[in-house]
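> I'd like to ask some things about the structure below.
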């Protein structure tokens, strides 16, 4: 080891008085205790209510050219995506589709007409 190079030999650092006193101190504070966040309470279970017909629900009856299950699948797909539809049923024999929900008849007709030939069901007027 040379006296002109102070870095040639590692020296041991002795703890100073201020360092040793810091190691013995407790820095915890009763005001700053950590507590994990509480999870939100679970939502109340939904009350089982049967679907009710509201005053805004309409029943739209259409004649749709249904030939096979593929035709029915196309109509079902478009009706299930239509906003406001609560239920629908298809009658293959009569080629009749009944849609119930908060929808306008023209919206239902235009939606189904995109995939199948559709028209409003002719109503029989009796006197």
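Just so you know, glycine gets a Cβ as well, placed from its N, Cα and C.
So TrEMBL has the following annotated:
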COMPBIAS  11-28  compositional bias 'Polar residues'
COMPBIAS  36-51  compositional bias 'Pro residues'
DOMAIN    57-123  domain 'HMA'
REGION    1-58  region 'Disordered'
> For the domain 'HMA' (57-123), what's the mean pLDDT in this predicted model?
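91, rounded to a whole number.
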> What are the DSSP helix/strand/coil residue counts across the domain 'HMA' (57-123)?
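Going through the domain 'HMA' (57-123) residue by residue, I get 22 helix, 23 strand, 22 coil.
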